[in-house]
Each structure stands twice: as structure tokens, then as C-alpha cells.
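Contents: one structure, followed by commentary.
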Number of protein chains: 2
Amino acid sequence: MMTKITFDHCLELDAADPLAEYRSAFLLPEGLIYLDGNSLGALPAATPGVVADVVQRQWGADLIRSWTSNDWINAPLRVGAKIAGLIGAGPDEVIVGDSTSANLYKLIVAALEARPDRTIVLSEEGNFPTDLYMIHGAIATVGRGCRLETRPRETLADAITQEVALVLLTQTHYKTADKLDMAAMTARAHEAGALILWDLSHSAGAVEVDLNGAGADLAVGCGYKYLNGGPGAPAFLFVAKRHHGRLRSPLSGWMGHSSPFDFVDDYRPAEGIRRFLCGTPPILGIAALEVGVDLIARAGMARLAEKSRHLCSLMIDLVEQECDFAGLQLVTPREASRRGSHVSFRHPEGYAIVQALIEEGVIGDFRAPDILRFGFTPLYVGFADVWEAVQRLKTIMADRRWDRDDYRVRAAVT
Amino acid sequence: MMTKITFDHCLELDAADPLAEYRSAFLLPEGLIYLDGNSLGALPAATPGVVADVVQRQWGADLIRSWTSNDWINAPLRVGAKIAGLIGAGPDEVIVGDSTSANLYKLIVAALEARPDRTIVLSEEGNFPTDLYMIHGAIATVGRGCRLETRPRETLADAITQEVALVLLTQTHYKTADKLDMAAMTARAHEAGALILWDLSHSAGAVEVDLNGAGADLAVGCGYKYLNGGPGAPAFLFVAKRHHGRLRSPLSGWMGHSSPFDFVDDYRPAEGIRRFLCGTPPILGIAALEVGVDLIARAGMARLAEKSRHLCSLMIDLVEQECDFAGLQLVTPREASRRGSHVSFRHPEGYAIVQALIEEGVIGDFRAPDILRFGFTPLYVGFADVWEAVQRLKTIMADRRWDRDDYRVRAAVT
């Protein structure tokens, strides 16, 4: 039988935590327990200064000269190379720019063109919607009978037939945190002659990823979650070096041209990963993202992933120990190696409970129809935070504090 | 014969300028004459504070709640509606997001789908490269025999045949500033049953544009030029209301879904302009852009365009008066109604001359192979600035200060 976990034990874990010092590298409101870094990462303390410098000195004073003097022109490649180090990619295999959605589109179309005799894009039922929506948009544009097939996670591997051009999977599921075995699924795709595209939005900066170790072909990921790049931060895109020069970006903008400043009419894609750039890079967004990425790189992915596993396990154990009466059904795998860095529970009153938690200073989030989701970001969440969050959850559930009409009115998002 | 223009005359023009007060609404280095706002607009004085607030309070303190509490979710529509007022569009016809290039792609593909029996996208020879490159990328994806045809400006109208699905034109040419007659070309396109897409990158915020007056179908434009949105600012996109509901965006991301937060697998596009959104909106970039747009709106497009015409005419007249010896060949129309807000000259040593001007505190820019380009942004350029810029140009040309080897080495952009 498991020993009972105490608050003192959590304090001991914090005292022994080699990443504890990073808490002060983030600006978070006093008293708030922020368990939503998987949706919008917290603000690094260095970001306001860096953004102010980009705005006031680089833009305001250096003006147009900054494209060279402050190396704006290479920002997508420079920050891409830093992200590469976090996901097992080579420094010349990753670029930053556009949104995750737009990057998905580029690579879905590129993959369909690389497999002209195949028509299926295979993905998971209940994958993050934009993955499925971008497949929808891409196949409707490509035509030639291309279609999307979705399967439940358990039967995905078997569905990779010789007709499949591309397998597009989110490694860490945005609701359950269930993590797919990248190496095994990649091998299975290649066995069938398909390409594979990994969406790392809920993985990058949270768990150890080894794209090249797995032999992955393509990947995209989000800048504003675990990478702490700020709201709507630019996303990233990976193409394995062996595919460089062979894949084409449908979003063939001038920044992906071999000589963008020659201003010639004919499109000639750049060599290497730069051909997947499209328009002028979003400099403010990339500058903010770089601060977040630098912090993750400094802390080190291995240490970070280890603490993530530990935090998530503690959350699962504590909810079981303290809230067993509450009817919260764990939907995240117990086995640490099989999950990302968030923990989710199912409850029919999920939305109202999340509102009550926010009122009590614990920010998690809700995913329709009934998922309570808590993200554990090792750089600014500590073990005592987990204890405290569970205590507040316990009180809310015990006192039915969620049972208020105003907590049931979902904010209209239009 | 023209009266000689004097410095005193320029000072009088500044003294009588109703927009002179706006100069202090921008932060520009002391002594610098910035004639490159057509490439990267100057920094509004209010922008650092607004961006700092978005970073520190909205992101740092309000965190994920800002999507509703600070209305991040509606930022693309809110700022779009403001831009609409500058270009003769309805407030529900414009959104902000993605790059000009990506927005071009959305609308090229949408137009080709709306004209399934036609195969040609017609554009101008020497159009801004990304316009042509995005057509290239779009037709390669759509297939079905679609092709790009380019014509010189003079023969464009005659090339709009019954085979043309879409006419894609930049209203104000990025090199020459020659401005197309939007109403006439739109009418010509419609006569032939084609759709028309206007790139307003060098028009919006610089000249009076009346999209709905001209009956235009589609438009895109840049946020970082005359709108002063900052480096790589998000771009905008216009779809005339009569096309809403009929056109589909190939970049069908979750933010263009009718219910993005229902997280359903099936793609159902939003009604109205919102379906042309793609991924999560770039909040820092949109916030900075909004400041620039607000300034333009406050100054008023009519006053602004009038001063622009006056500044450009003064530049042309002064270069003629002061630098007639210099071999600078005007390539911008003399007739004010036929041009945008920049003035360009051809000179075989154009690149070196631009470098020498920068050294002397006058920032213009160079466009290969031989164009010197000077942008006149009415909110922060005055008439005496034009006088002073021309005096420095005169000295450079008279003393051959451009004739230095180090001015001939073009910065490698990779």
C-alpha cells in the first residue's frame, strides 16, 4: 500500500529540486497556481526587456537597417536551430514562422506531392481539431481523390496501408496527454511507404523528443505553450534533411526564395529548410519566443522532462489520495513514459469546476465536453504548488463550490 | 517656367501643414530623415507602452484569461474593421492575421475554386515577387491545368479573357509607384467574368482606396509599411460581403471554424470573414499594428493622401531643380493621381548612392537592379525634410561620395 503523501514531503521535493531556481525566471502573479502552461506558457522575466529592446532600439532607432544590423533576416533560422536542440533535430532542419496550422498545411501538401500515387492522409479520431481541419483544407485543394481517414488510437497502426501517403499524428494528445510511441509509429509508417508528420504542440519543451532518433520525416509545433513564446507566438516546422530539396512548400512566399532580394519573377525555392518560410517573419513574436526557448535550453530537456514526470505523478497520486470522493475520472496514463506534461480528469461538471478553481487561484482549463486539464510546467510549477492546488480542488469538490449558475455560462467566443 | 523652390517655401509648407502635429506621435532618431516608411514604417510613440502592457499585464498577469478579459479572441476582427475604414471596405469585410503572402494564397485558391471552368491567373510582369510566387505555389497545388500569365502593365486589360479566373494586381507598384486604376481594372475583370484580387501593400495608409466603390472582390495588404505595425506585422485580407459564404479558405485552421472551442472533428467554416482566419492570432503583432492603424485613422485618409501627393511632387520638382546634373531618371509618374506615396529614380550606381545617403542620414532604399526608392509618409515626413534630403543627395552626387568600393558590396541575405 502507498505511503500517504504529506505537504512536508512536497516541500522536501521542492528543496531538492535542481530546477527550483527557474521559478524566479518567470513573472507570475503572487499566490496564483498556474497549471495552464500547456495552453499559454507563463511570461519569462527577461521577455519584457527583450521585446522593449526590439521595439524601441531595433525598430524605433535602427529601423529598416535592423534586417541586417540586428539580424532579423536570420531570426527564423536562428531560433529554429535552438528549438531543434530540444526535439532531436539538426540545427538546419527547423525554422520558425507562421502558425502551427499554416505549417501543417505546407507539410501536408508537400507530403501528398511526394506520394503522388497515394490518396489517404491518416490521422487520429479526436486529434486536435486544427490538425484535422488543415488536412481537410489541404486535400480539398490538392484534389485527385485525396481523402482524410481517422481512426481511434488503438487501431491507427493497422490502418497504415499502401494507400496512405501521410500519417499525421499529434504525439501528446491535447486532452488525455496520452503519448504515442514516435519511433514505433514512424517505423510502421515507413514500412508501408508512407511519410509521417508529427505535431509536437503538446510535446516540445515538455517531454523528450527525438525526431531523428525515430527517423521522423516531418514535424510542426507550437511556440506559445511549453516554449513560453507568448500569445499567438510563431510556430515551428521540421523537415528531415534527407527530404530537403525534394519537398516543395505550397506557400511559396518570397522569404523561401533562393534569392529574395533579387526580385525576379520566377520562383526558385531556396536550398534547405529556408524554402519553407513564406512571408516576412514576425520579428516581435520571434524575439519573444527566443527568450522562452533559451530558458528551456538552459534548463536542459532531460532534467525538465524528469521533473515533469514527477509533477504529473504527484498530481495523480494526490487527487487519488485527497479527492477520492469527488468522482474525478483520470483519463491520463498512469505510466509516466506514456504521457505528456498535463494531467486530465473527466467530470460532468468539468466546466463549472474549472471556473471555481480559477476563482480560488488555480488556473487549469476545460476542454469540451467534460475534461478538466492541468498542465505541469517544470520551470515554474513546484511540488508544493501541486499540493496546494489539490487542496483547493478538494475544498471545491467537498463544498460543491462549483455548483453555481454563473459558473455554467460558457463565455461565448465569436 | 516654374518658380524656383526655396528652403523658406518648404518651411512655410510645414508651418501650414495640418498634419505637422503627428510628427511627435512617432519616435525617430534625431537628425535622421527617414524615407523608407514604405518598407518599414516608423515606430509610433504609443507603441512601446501598448506592447509592454500586452506583455506584462495581459500576458504576464492575466495569462490565459486574456483571450476573453482582454478580448484577444476578437483582435483580428477588431483591427480588421479599423483597417476597413482606410480602404473603402465594410467593417465586417476585413480581418488581420498571417502574412501578406499567406493571405494571397488563401484568396488565389478560393478564387480558382470559384471559377472552376477557368485556368488562368493573370498578373503583371515585374509585380512584387511574392505575388507571383504565391500564384506559382497555389496553381501547382490546385493543378487542373491552372497557369500564371504575366503581362506588362499596358497590355493587362486586353489580356483579361474568358479563360481568366483571377486577376491579381498590386495597385501601387513597389518599384515605380505607378498606380493602377482600381475601378477601371475591376470593371474590366468583371466584364470578362473574372474575379480580381488587389494587393494593397503599397497603397493602404498611403493613398485613398475605395474597394467597395470599385466593386473589388478580394484584397490583401501589408501591416508593416504605411500602417506602421512593426517588423513582420500581421497582414490583412478583404473579401467583399457578396462573396461571404461562397468562398472557402484552403488554410482552414481552427480559428476559422464556426465553433473553434467545440473541438469537433468535422470542419465547418465560420460565417462571414472569420472563416479566412487560420491559426491562433499573433497577439503581440496585432497589438502593435493597432496603434499604427489608429494613428492613420485619426489623421484621416483624405488629409493624409493629399499631403502625400504634395510631398512626392516636391521631391520630384526638387530633384529636378537641384540634381539635374546627376543622371537620376525619374520612373514614378509625374501626375499625382497616378502614383502611390513613393518616388523612384533609376541610376546605374543606385545601390552605392543609397549607401552613401544612409551614411549622410537619409534612409531610402534600393530595389534591384538599379532603382533608388524614397517613401513619403505624411505623418512623420515634412516638407523641409524633403528639401534637406535633396540637398544631401545633391552633395553626394556632386562630390561622387557614392564612389567607394565598400558601398558596392551588397549585404548577403541568407
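Note that Cβ sites are derived from N, Cα and C of the backbone, with glycine treated the same way.
Those TrEMBL annotations? Automatic predictions, nothing curated.
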### Query
Hey, TrEMBL has pyridoxal 5'-phosphate bound by A:T100, A:S101, A:F128, A:P129, A:T130, A:D131, A:D199, A:H202, A:Y224, A:W254, A:T280. Any idea which of A:T68, A:T161, A:T170, A:T332 it lists too?
A:T170
#### Entry: Conformational class of A:T100 (pyridoxal 5'-phosphate binding site) under the three-state DSSP mapping
helix
### Alpha-carbon spacing, A:T130 (pyridoxal 5'-phosphate binding site) to A:K225 (N6-(pyridoxal phosphate)lysine), which is rounded to whole Å
15
### Query
Between A:T170 (pyridoxal 5'-phosphate binding site) and A:K225 (N6-(pyridoxal phosphate)lysine), what is the CA-CA distance rounded to a whole number of Å?
14
### Query
So which binding-site residues out of A:T100, A:F128, A:W254 end up within 10 angstroms of A:K225 (N6-(pyridoxal phosphate)lysine), measuring C-alpha to C-alpha?
none
### Intermolecular Cβ proximity, recorded positions A:T100, A:K225, A:W254 versus chain B, under 8 Å
A:T100, A:W254
#### Entry: pyridoxal 5'-phosphate site span - longest C-alpha distance across A:T100, A:S101, A:F128, A:P129, A:T130, A:D131, A:T170, A:D199, A:H202, A:Y224, A:W254, A:T280, in Å
30
### Query
Ranking the binding-site residues A:T100, A:T130, A:T170 by other Cβ atoms within 10 Å, which is at the bottom?
A:T170
